[in-house]
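Asker: Below is the structure I would like to discuss, written out as structure tokens.
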Amino acid sequence: MKHLLSTFDLSKETAVALLDHAEELASRISQDRQLDLLAGKTVANLFFEDSTRTRLSFELAAHQLGARVMNFSAAGSSISKGESLKDTAQTLAAMTVDAMVIRHRSAGAADRLAHAGWIEVPILNAGDGAHEHPTQALLDAMALRRHHNQVPAKEAATKLVGADLSGARVLIVGDLLHSRVVRSNVALLNTLGAEVALVAPHSLLPAGVETWQAEVFTNFDEALASNPTAVMMLRVQKERMSSAGGGFFPSVGEYVRAYGLTDERFRALDPKVRIMHPGPINRGLELSDLAADNAQAIILEQVGCGVAVRMAALDWLVNGENN
Ligand code: CP
């Protein structure tokens, strides 16, 4: 693996091995607190778009492996003077970096950085527009794999080796149109053997969704009746929606009634169903407080898995998969 750009690039064997490695590193770091797999290396984090979880967990992952970290945010940089992506990346690469993490509002930015021939550095896609977010899908799969196989986190490194998601059915709900998370998840979940179902209003279904490897619903209650083992709620991305027509749905209240995981829908769920969300949450819109803050919700465990998955990906890309 030279870069991590898309979950479509991951074979089942590679994805499972990466999850196994993430569990191994999570276990080691819980005991030792500090590893030296990237000692003497430098990781550059380029964030052209806002982030809390992804930026901080990539930073922590690199630190926990012993790397130096350079954090670049578009705000406050020479981007305001018109500097291009190419010149920005080449400037950082000239300071000698061993891996580059990029989040960008434009679909294809990570791929461009990896393949334009500007720099020779492993690239990790931390989210590009509405296109892909591969480490998010990997961390979702890591958390899901534990719960689907009923293995607690502290035993996962030994008990989950080689495990996939056969028998799981994941229902992904909401703003599919603007979601990079759904694209990366549909590919990876299928690769790992899970069934995928999607539900959104017609206005938030991506063009061509009928060709995706997923059962598509427009009625949330019908989708919930199809026996998912996990329900992944997506953030309504108000910032990516046109104001033309006044918004994304007749009203916020209509959206909540039709597609929100409300208290009422939460209470009707089978207690074994896990509730997921990539964050940040619009509380009271796609997810009620009750649905977000209960034992069925694994949202904070997803965040923890994010550090482990990013450690595993950085280690593989910098040191090689068989080091
Ligand atoms: N899930 C996710 O990508 O969150 P951030 O935007 O906070 O990184």
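Glycine residues also receive a Cβ, built from the backbone N, Cα and C atoms like all the rest.
As listed in TrEMBL for this protein:
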- R53, T54, R103, H133, Q136, G279, P280: carbamoyl phosphate binding site (BINDING)
- K81, R180, R235: L-aspartate binding site (BINDING)
- 2-145: domain 'Aspartate/ornithine carbamoyltransferase carbamoyl-P binding' (DOMAIN)
- 167-316: domain 'Aspartate/ornithine carbamoyltransferase Asp/Orn-binding' (DOMAIN)
Asker: Report the DSSP secondary-structure composition of the domain 'Aspartate/ornithine carbamoyltransferase carbamoyl-P binding' (2-145) as helix, strand and coil residue counts.
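Answerer: For the domain 'Aspartate/ornithine carbamoyltransferase carbamoyl-P binding' (2-145), the helix, strand and coil counts are 69 helix, 26 strand, 49 coil.
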Asker: Please average pLDDT over the domain 'Aspartate/ornithine carbamoyltransferase Asp/Orn-binding' (167-316) for the predicted structure.
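Answerer: Reported value for the domain 'Aspartate/ornithine carbamoyltransferase Asp/Orn-binding' (167-316) is a mean pLDDT of 94.
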Asker: Near ligand 1, meaning Cβ under 6 Å from any of its atoms: which of the binding-site residues R53, T54, K81, R103, R180, G279 fit that description?
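Answerer: Cβ under 6 Å from ligand 1: R53, T54, G279.
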Asker: At the Cα level, what's the spacing in Å between T54 (carbamoyl phosphate binding site) and R180 (L-aspartate binding site), rounded?
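Answerer: Rounded to a whole number, the Cα-Cα distance is 13 Å.
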Asker: Measure from the Cβ of H133 (carbamoyl phosphate binding site) and count the other Cβ atoms within 10 Å, all protein chains considered.
Answerer: 26
Asker: Expressed to the nearest Å, what is the distance separating R103 (carbamoyl phosphate binding site) and K81 (L-aspartate binding site) at their Cα atoms?
Answerer: 20
Asker: When the number of other CB atoms within 10 A of each residue's CB is tallied over all shown chains, which of the binding-site residues G279, P280 has the maximum?
Answerer: G279
Asker: Carbamoyl phosphate site residues R53, T54, R103, H133, Q136, G279, P280: biggest Cα-Cα distance, Å?
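Answerer: Max Cα-Cα spread across the carbamoyl phosphate binders: 16 Å.
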Asker: Just name the winner among R53, K81, R103, R180, R235 (the binding-site residues) by count of other CB atoms within 10 A of its CB.
Answerer: R103
